[in-house]
Amino acid sequence: MANEAHNIEHTDPEFRDDSADARTLPLLPVRDTVLFPHAVLPLTVGRESSVQLINSLGEDKTIVVVAQREARVDSPQPSDLFAIGSLAVVHKVVKMPNQSLFVFAEGLERVRVTEYVQLNPYMRATVETVPEAFPPKSAEIEALQRNVLTLFQQIVTGSPTLSDELSTVAMNIEEPGRLVDFVASSLPSLSTKDKQEILETADVQIRLDKINQHLAKELEVQQLRNKIQSEVQDRVQQTQREYYLREQLKAIQKELGEQDDSTRDADELREKVEAAGMPDDVKKEALKELGRLARMSPMAADYSVTRNYIEWLAVLPWQKSSGAGEIDIPKAKDILDEDHYDLQKVKDRILDYLSVRRLKPNMKGPILCFSGPPGVGKTSLGKSIARALGRKFVRISLGGVHDEAEIRGHRRTYIGALPGQIMQGIRRAETNDPVFMLDEIDKVGRDFRGDPSAALLEALDPEQNNSFRDNYLDVPFDLSKVLFITTANQLDPIPEPLRDRMEIIDLQGYSEEEKVHIAFRYLIPRQEEENGITKDMIEFSEEAVRRIIRHYTREAGVRNLERNIGTVCRKLARRIAEGKTEKLAVTPQTITEMLGGEKVRVDTEIAERTKRAGVVVGLAWTPAGGDILFVEATTMKGKGGFTMTGQLGDVMRESMQAALSWVKSNAGKLGIDEEFFEKHDIHIHVPAGAIPKDGPSAGVTMVTALVSLLTDKPLRPLTAMTGEITLSGNVLPIGGVKEKTLAAKRAGVKTIILPSENKMNMDEDLTPEQLQGIEVHYVKTIDEVLEIALPSNKAEEKQDARTRAEVLNEVPAV
């Protein structure tokens, strides 16, 4: 519910609208206590809404304090509160280390809540004063008042906890109604219900009669306590004083036939513990803590800590599984195919796991790690696996987590301690075998608070996680039935011991054809539904989708593609809302109108920049997928200097030195004057200077750039290359072949030069459809690279000029 007014009225039988001094004030719900007029009450304010209420008070510190009907309700609604409370003024606010507040509030007068005008972020209500019925002075009133004083003095005198000053204060109060309020607020044994009943009693004579009854009962309890004390004193040692006092309280309650809230809490928790199906050692620990709770006062500092701990133990799914039954492999395959296009290797590995799981249900599950660029479906694949298995899906993001306690929890000695994210996820799942996704595991940080990745070692080790021990719970929990799935954009930041525990499954980028299929099968229907558009209102042509892919996105995944499709759908929704159209056929021209000018230059960028000799296109791998990389070389008069710029790493700088050495040693064969290097300086630059770059795979690109510059031969149009070189001129294999190839295709490259040893990777990772329109050359030496990348005669140079002009639309095709 937002900050909207709610006309919520109490239907209390004693409600009377007989006051005209209505006020609208902040309302503070309290539990296990009642604030009386003229009494000062210390309150611990911990709920977020209550903290916001106190912090919002300005110069006017007046609030309304109302007791809850049930103390266990954490987020009370108007129906959970009594109708009568106290108008109060806040005198002092102390901030506690655990972000809660310690507030001193003084009651002013009784008020009745007539209407709640606000529920969030905190309650505000209209209240009116409850007038007190003052009977005329009479002998009966005088007798009741004196009896109250007498009984109260006897109780204070016989109580080891009540101060004698209370009797003195009570004797100095002449007004009978105020005396009753003082006595009621001073008796710790009076229940919240009884205190509220006295607060709601406007007639002073009736109020005197009620407090007399409670005092007589309390005095009887006190006398009985003294009797019990004499019976048990010989059996209790001085070192067991706290236990002895709890026994007294239990014996008193037994004699009176009463049971307080704490006893009821203990009984309810005991039932939950018995029904939770805990292992014997865990149940023993829970019952031990229950015994402590039963002997503890609800006002004790450790009461809520112990209660929360037992509740956590009781609600965890110790024996509760998903009950999905036997795994249906054909159905699982259909679900994976329905949710994701292609990804055949990934699906095969998942189906292999499910098949083994069907044959051996108690097998230790592998830890799968989906590695790949953003937007390729890593997280959604985890959801599909959960659906195929018929299990709950839980996801937590580890990006930016620096504290080890986020994984394993805080110890109970800390204020506000809670279990870690893993056990909280298990509780949310309500089963002990969910599919548990740890997202962005490569972005876990570390600092002085610990290393979260080290805390994951136990949880992600199938040999150890059958007894995972959270710091807060401090009892073993079996995680062996959980199917853990992690995701990462790159594997290098993941510590080696953690990476060793996971089975890496690469999810590589999509080709244009795959993106088209994904757009029509998943993205367009989803965006139509999200934007309230039916299939009859919009029709995307394949050419329009391809235009978005080529000229408005350059990515390995499909997030920006979906974002642009969503933009088109929203603009159509606006046209329909304005009555301008009822149906739209989306064509390439429509895309330009709705999305503006082209954001990505395909073909033309490469053709334009490689017109000059010395500029060559390389291929690079990035965590977001592959990309093209321009390498530029230039020369000037000098003394043989060699400059390298572009935020280059050490490995890349060494590749440049090797490239220059090879060119110098083969200058004669290449037709380059050997004295040229002594009289000129050479500068190699890799643009996008703000982006760090490293790796050996640009070696062939640098050699080609130098030879192109020194022989004045521009790179052949729409050609790109990758490969590591040696000083002897051999071309060595590189990694990330699929990502680099798909990046080249996205950029409009038509010819790719690759090391011959990478042919096997191309055959395994790429389909003929993905390679359609691309000519791939596999080379073993740098001589083969130069033969393909640079024109060898005037005829080829003229042909290259015509091809480049066609791409740039500079001259008609010849």
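Every residue gets a Cβ built from N, Cα and C, even glycine.
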Swiss-Prot annotation (region 'Disordered') - matching range among 1-20, 61-80, 521-540, 781-800: 1-20
Chain-internal residues near Val376 (ATP binding site), provided their CB is under 8 angstroms and they sit 6+ positions away: Leu507, Gln508, Gly509, Tyr510, Ala556, Gly557, Val558
Local confidence of the prediction over the domain 'Lon proteolytic' (610-792), expressed as mean pLDDT: 88
Listed binding-site residues (Pro374, Gly377), ranked by Cβ neighbours within 10 Å, top entry: Gly377
Cα-Cα distance linking Ser697 (active site) and Lys740 (active site), given in Å to the nearest integer: 11
Three-class DSSP secondary structure - Val376 (ATP binding site): coil
Between Pro373 (ATP binding site) and Ser697 (active site), the C-alpha gap once rounded to whole angstrom: 19
Residues flanking the ATP site, with Cβ no more than 8 Å from the Cβ centroid of Gly372, Pro373, Pro374, Gly375, Val376, Gly377, Lys378, Thr379 and excluding those residues themselves: Phe370, Thr487, Asn489, Leu507, Ala556, Gly557
Residue, out of the binding-site residues Gly372, Gly375, whose Cβ gathers the largest set of other Cβ atoms within 10 Å: Gly372
Recorded positions: Thr379, Ser697 - member with fewest neighbouring CB atoms within 10 Å: Thr379
